[in-house]
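Before any comments, here is the structure.
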């Protein structure tokens, strides 16, 4: 059934028909498609009648919240057809670049100049009609309230700025794309969840011929403004909508995206990233290409007691005369269900991390609905295990080199930080013991995961477990330097301070005996509080690094160190490590940590 009346008008006639109920208002967004052709088909008298406009027309679509107003104009700006298309309108796509609308006993076939024009028109129409004819994969897996909040959040320029100012993130993406320019030169690119469009601009810098930038939030409008102001409208096409619901006019050579959340999987955008492979050519690539989740046991009595102390508020027998103690158990459960988002000194880790890898080129969406990570840790230290720490690395495996982006605690801090999941009952383990178990992540419709962790010390049989809600983390990061664990000093710090000073030229800060050049002991003598130590662990082959002091809560930019002697690679391969500020300083025994995955090609480790 037609939603509104429409009239086809012969050449030279004035406009006819009006937008029906629910039609687009005067403030709606207008999209223009030149070169359209119109064919009217009817059988009012029992015979098929056809009328085709001989000249190309200009089609205008005025998008509204519930319907789209469509009008076609001749070169003389005479309206030859006008109607409103809502969710009740009978309509369908025809072939690769045509669309048919049935109004009463007449049908109107609109042919667009290019398949790209048709896809843009079709995406606008689907958005206006509310997608009620079929539910997309995204809609099936996501609660509406969660989706609304999610896209509203990413529609703010301030949030885009927060991500763009994570210079490790942004700089690594740009370096990965530009250093692998042959993967982009004259290629077709799909940017999934483009946000401000920054990755699309990087692809354009690398020489991409066409970039389709898909964005479901209102940020798409801002991205379109940036595309126009940077004179890239001929190469970057912003497509408003979800990648599960829009249409692309052609297959692409490479997909780029920044789909990672806390613990890699939070927000479930990785599934949209994998869904986009329906547009990827068989020989196509994806940036990022693989993702590694690392987990390791940690000890942190201070964090553990913080959570219990908060819950002890409910242990009061007389709070303004009310006994709250009956809720203390529920409060403990609630606080310990929260994953803790912050950073930490790497020396709290008690074993080498276990790695779980997702190859985005091979993985399917369903693989991320239930993620089971078995682990077996060989304990390097004795003490209480308070939980598991998580971080991730992603690799951009290009034709020229592989670039890594890491959120490891040894690396410069990013807006992903690290995540820790506590046990309600800590486990005691000795050096040489094995801690085994499973971390199970079950996807939920709130665009997140329910986490179940079960761990056991094999030698004693002692076991602990916890259930956590990744959608409701505790943001603990304060911008201050994380403290090393108690008992980390194996010589006198006071003596070391003065002994170290004797090896320095205090006026110039010249390094002696391999100490970092930027360490100025005069700051210690003046008060010591300005010396920034973060994630204190000496790593082999890191080279001399500039150590800068950052403001509280800031995301730091990178320094550069070339030619690490510990570079890996085959014969003739090159390796560059873009090292960072105050992440690597001296102190404490090293803990063996899993390094980024070795790829048999030229590799680069930028800002990570």
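The backbone N, Cα and C atoms fix where each Cβ goes, glycine too.
Residue-level annotations in Swiss-Prot identify, among 107, 120, 217, 523, 217 as phosphoserine. From the candidate list 215, 224, 301, 306, the residue Swiss-Prot records in the S-adenosyl-L-methionine site shared with 160, 169, 193, 244, 272 is 215. Of the candidate ranges 313-346, 347-380, Swiss-Prot annotates residues 347-380 with the feature region 'Required for nuclear translocation'. Among the candidates 87, 93, 476, 551, the residue that Swiss-Prot annotates as dimethylated arginine is 551. Within its own chain, the region 'Required for nuclear translocation' (347-380) is flanked in space by residues 137, 264-265, 268, 270-271, 273-275, 277, 285-286, 288-300, 388-389, 409, 429-443, 449, 455, 484-485, 488, 536-537, 588-589, 591-594, 597, which lie at least six positions past its ends and keep a Cβ under 8 Å from the stretch.
The Cβ neighbour count for residue 244 (S-adenosyl-L-methionine binding site), using a 10 Å radius over every protein chain in view, is 22. Geometry remark: residue 244 (S-adenosyl-L-methionine binding site) versus residue 228 (ubiquitin cross-link), CA distance 26 Å.
Neighbour count (other Cβ atoms within 10 Å of the Cβ, all protein chains): 19 for residue 160 (S-adenosyl-L-methionine binding site).
Of all the recorded positions listed (169, 228), 228 has the fewest other CB atoms within 10 A of its CB. Secondary structure by DSSP for the region 'Required for nuclear translocation' (347-380): 6 helix, 16 strand, 12 coil. With a cut-off of 8 Å between CB atoms and residues at least 6 apart in sequence, the same chain places 138, 192, 193, 242, 243, 244, 259 near residue 272 (S-adenosyl-L-methionine binding site), listed in sequence order. Reported as a whole number, the C-alpha separation between residue 217 (phosphoserine) and residue 160 (S-adenosyl-L-methionine binding site) equals 12 Å. Within the region 'Interaction with C9orf72' (28-139), the DSSP-based counts of helix, strand and coil residues read 18 helix, 57 strand, 37 coil.
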